[in-house]
Amino acid sequence: MRKINVFDTTLRDGEQSAGVNLNFQEKLEIAKQLERLGVDIIEAGFPASSQGDFASVKAIAQTVKGSSITGLSRSLEREIETTWEALKESAEPRIHVFIATSPIHMEYKLRMTPDQVVENAVAAVKQAAAKFPQVQWSAEDASRSDLPFLARIIREVIDAGATVINLPDTVGYTTPYEIGQMFRYVSEHVPNIDKAILSTHNHDDLGMAVANSLAAIQNGAGQVECTVNGIGERAGNASLEEIAVALNIRQDHYQAKTNLTLKEIKRTSTLVSKLTGMVVPSNKAVVGANAFAHESGIHQDGVLKNKETYEIITPELVGVSSNRMVLGKHSGRHAFKDKLVELGFNGSDEQLQKTFVAFKDLADKKKDITEEDLFALMTEATVGSAVSHYELETLQVNYGTTNIPTATITMKLPNGETVQEAGTGSGSVEAIYNTLERVVDEPILLMDYRIQSTTAGRDSLAEVYVTVQYDGTESSGRGTAHDVLEASAKAYINAVNRTISRKLFNEQRTNPLKV
Ligand code: KIV
Ligand code: ZN
């Protein structure tokens, strides 16, 4: 059985998804969960692209020691240097340096000849190898590159010190047959290929990213790059959970395995979905809400007689619980803490206390508290606390079919003062948002508003996701509460708080190398 390294790029390529902007604390939480999942390599960001990325890559490299941490870099001297500054404290410093190799990218984007690209790639890899024990080199748009040219440049970068060679299908153009041919060609035409691990990285523009990744594995790739829930640029990247489960369920066929702890998959998927605001479609393989639901009578009958008639993956394999009640109103702090630790909690005492208070409050309103509820409360307490410039203290809404909806809100301002405002709107949410705009005293444009429940049942927690335009930038926000109106208010305030945090961060850090 071959071991395939899993390289997760949720925090880099995944974060490039339109509308996604994770803050420092959220990236750290995702990285810790990826470590728990057993990912071999975490691409934590693109350190030279912004001060925010630099700081979060550095913090992840300092904190997460169970996975190798890497950062993306163009083939530029100063970017490679910045990437080193961000990663030098990681357990196994690893850089991911890339340059495009397809005729169209070389001519129009880089405006370089093939010889210049080779020269540039070799120089970048040499510079990187002088510092990093692991150097991954990527041939951007490899799937549309000329194969003999690809073989030549790969041979030269391996000689220069590259230890991993990644061949991305950057535009999601290739097919399983073609990608297999490319990997076979490289394995057979690069004389020093045994000195490096081949890696595959696929985008889903034609819906073939997972199939292409599996075909590359069958043809020599020893590393697969993917994102949780398949998020990423345009149509996204190959989805981690689909590849991992395909390799596990069809071991007979692929003869390959990963080091992942599969029962952490569902939780990882939920965390990424919550923090990015990207909803997982209910029919999504492995992690969708309907992935294990049998609707038709014939199927249900078969499953009752023998599960294997229609079920090839058990929900337990990927950590899907059956919405089980885990705690109730009378559960004590001890049982609560134990359950949280089991769910992966490793926050501070203050965060534990905050989650406990929220739990007690929810238990007064909801009979059975499930793992999903606890996970939602815990996520709010650990990542929500980092961004509270404005804080909601009280909210009251008057709604009647014949009245004008009115909201009255008490808020704590960034300077510590408490203010009360009231406002109206044509609906309750609009009344709340108009009132909040008065408190913040600056125009806030609502671009998107979405709501979903944490669990089934009328007493479920509500999760609201918004995108707003505030202070010249677009920001997303989320809020969780037992009441949909409170969740709506929290999401809006969260988006404003995130904009302020980002602005403060950028003002404080003028030189990323000094972080
Ligand atoms: O899709 C791509 O080509 C990439 C590279 C930077 C590896 O993401
Ligand atoms: Zn990519």
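Along the chain as shown, residues are numbered 1 onward.
Even glycines carry a Cβ here, placed using N, Cα and C.
Record note: TrEMBL gives Asp13, His201, His203 as Mn(2+)-binding, and the candidate from Asn219, Asn229, Asn237 in that site is Asn237.
Cβ-based neighbour count (10 Å, all protein chains) for His201 (Mn(2+) binding site) stands at 30. The record gives Asp13, His201, His203, Asn237 for Mn(2+). Within 8 Å of the mean position of their Cβ atoms, the other Cβ atoms in that chain belong to Thr9, Pro168, Thr170, Asn202, Ala209, Glu225, Cys226, Thr227, Gly232, Glu233, Gly236, Ala238. For the region 'Regulatory domain' (391-515), the number of residues in each DSSP class (helix H, G, I; strand E, B; coil) is 41 helix, 50 strand, 34 coil.
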